[in-house]
Amino acid sequence: MSERTAPIISPSILAADFSRLGEQIAAVSNADWIHVDVMDGHFVPNLSFGADITAAAFRSTDLPLDVHLMIEHPEKWVDNYIKAGASCVIFHVEATEDPVALARHIRAAGVRAGFSLRPGTDIEPYLEVLDEFDLALVMSVEPGFGGQSFMPDQLDKVRKLRDVIDSRGLSTLIEIDGGISRETIASAAAAGTDAFVAGSAVFKASDPGAEVDALRECAKDAVRG
Ligand code: DX5
Ligand code: ZN
């Protein structure tokens, strides 16, 4: 995965035109990562795509793929996404019994491990095991659909994570996902977010590449103050 410093912009291909996925990914070659939203119709009430499309995305770009698994029993499926070319595999803590064991399994394969939580899930139990993860993905919408409104109350989780990561000198990255746009990215950046997923804001824009640059500038400005 890219070592480029924050702000990291990760366009979500969930909002892309799937009939020309390669072209859409090429249009955001100035991004830092590509975000791949996998939904199983069980963990979330929506179905997106699986490992084959993830592998197709991998073949169409040199950018690292951060793969967000919104699926039940991720431990049964992570190997497929590792094989598909994921740089980081993110699973939901609500979906598996032993998140630390799963993170260790992913890391043992040489891939970064991330955890995510639904907006209603408390971050506290995971703060003490942060060193087991390369990335913490804070959901700022209910997982399942693109195009929803940003939930500003979720920034409390970002602030808590930032405190713990900085005070313990950890390298875990904080990523935020849901409703990120030019209007909302500054507040997330100011709270201490490193990486920003943006689906609709990027792929519904007339120039997705230019929108990536605009989002990055907004995030940089917010940190500069
Ligand atoms: C929601 C997904 C998000 C989604 C973001 O379940 O995890 O990654 O694609 O889409 P926007 O940016 O449109 O909120
Ligand atoms: Zn996502």
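Placement of Cβ uses the backbone N, Cα and C atoms for every residue, glycine included.
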Candidates His68, His73, the one TrEMBL lists with Ser12, Gly144, Phe145, Gly146, Gly147, Asp177, Gly178, Gly179, Gly199, Ser200 as binding substrate: His68
Cα-nearest neighbour of Asp37 (active site, proton acceptor) within the listed binding-site residues, His68, Gly144, Gly146, Ser200: His68
Set of same-chain residues at least 6 away whose C-beta sits under 8 angstroms from Gly144 (substrate binding site): Met39, Val44, Pro45, Asn46, Met70
Cβ under 6 Å from ligand 2: qualifying recorded positions of Asp37, Gly144, Asp177, Gly179: Asp37, Asp177
Secondary structure at Ser200 (substrate binding site), reduced by DSSP to three states: helix
Lowest local Cβ density among Gly146, Gly179, which the record lists as binding-site residues, within 10 Å: Gly146
Entry from the binding-site residues list Ser12, Ser200 having the most other CB atoms no farther than 10 A: Ser12
